């Protein structure tokens, strides 16, 4: 459920904030990406990851290969759909810049018409999972916490040295590892505890206070206050996920969060081409107009996911049919008798 809430929060931070202003998206940036690192650590099963090479190949297949696929789709969206279907000007294709964007991600994604900057997350998510594998080999709880604190503290000097958006957004790595560790600790040490409503309200006020006094994001935390603020926000939404555990919609969004994450930027970009905003703005403004935009992205992405899953099922059925009736398979007549 938390992944479902998380993907809605990600989308909310990436649609046009114009109707509501920048304050709410700025709040979301203080924890939206950190939430996914927290969830990754929360779901991490210590001792069940197996040997390193199979683990590495599994993560490469499940994280980096989808990144490449989403990148190619994004390039096609810009160079084919926007240029030839929507009739918009798009900068000419450049193979070198495109390859740099694929390999370096981060700010390089803005140098070519991907219209999907959110993809920067997937390469660093892959790297963080690989590094976290080795952190999880630490058995002593004290040593584990010491390493996590040291990694978390290193974020400030690392981000001062590598400011902005360096290749692979590598300056995010210390924060990512700390949040993964925090999620794993919460899952194994404190997960039985249920936050009461007064505690949710208290940490909500605390998180908002930090956002106003010490604004930051995962690539530029600015202060160590980022960590307790981000964790506080995540725990609020974890409590919400518990309360909404029967939600079919959130379960669907969570189960398909990778595809939604990889393509929601393109759907958000397409919203301006639909004319919906011009029509709705005749009747609604402000929050209502912004919610229509959010609903559009969620609904269109849901349709895309359902269509993809349906095609997967059809393709799987065709493959199974080919295997069972292929030319190399001998179909035996059950009425025939074996030679004596």
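A Cβ is built for glycine as well, from the same backbone N, Cα and C atoms used for every other residue.
No curator has checked TrEMBL annotations; they are predicted automatically.
The shown structure was predicted, so the numbers you read here are calculated from the model rather than taken from an experiment.
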Expected hit for transmembrane segment in TrEMBL across 26-44, 45-63 is 26-44
Expected hit for transmembrane segment in TrEMBL across 249-267, 268-286 is 249-267
Best-packed against the transmembrane segment (168-186), counting Cβ pairs under 8 Å over 64-86, 117-135, 193-212, 249-267, 287-308, is stretch 117-135
Per the Cβ under 8 Å criterion, with at least 6 residues separating them from its ends, the transmembrane segment (26-44) contacts 2-3, 6, 9-10, 12-13, 121, 125, 128-129, 132, 136, 172, 175-177, 179-187, 207-208, 210-211, 215-218, 226, 229-231, 233-234, 237
Outside the transmembrane segment (117-135), at least 6 residues beyond either end, the same-chain residues with a Cβ under 8 Å of its Cβ set are 10, 14, 33, 36-37, 40-41, 44, 49, 52, 55-56, 59-60, 63-64, 66-67, 70-71, 74, 105-106, 109-110, 144, 147-148, 151, 165, 168-170, 172-173, 176-177, 180-181, 261-262, 264-265
Listed stretches 64-86, 193-212, 218-237, 287-308 vs the transmembrane segment (142-162), most Cβ pairs under 8 Å: range 218-237
If we call contact 3 or more Cβ pairs under 8 Å (sequence gap 6 or more), are the transmembrane segment (64-86) and the transmembrane segment (218-237) touching? no
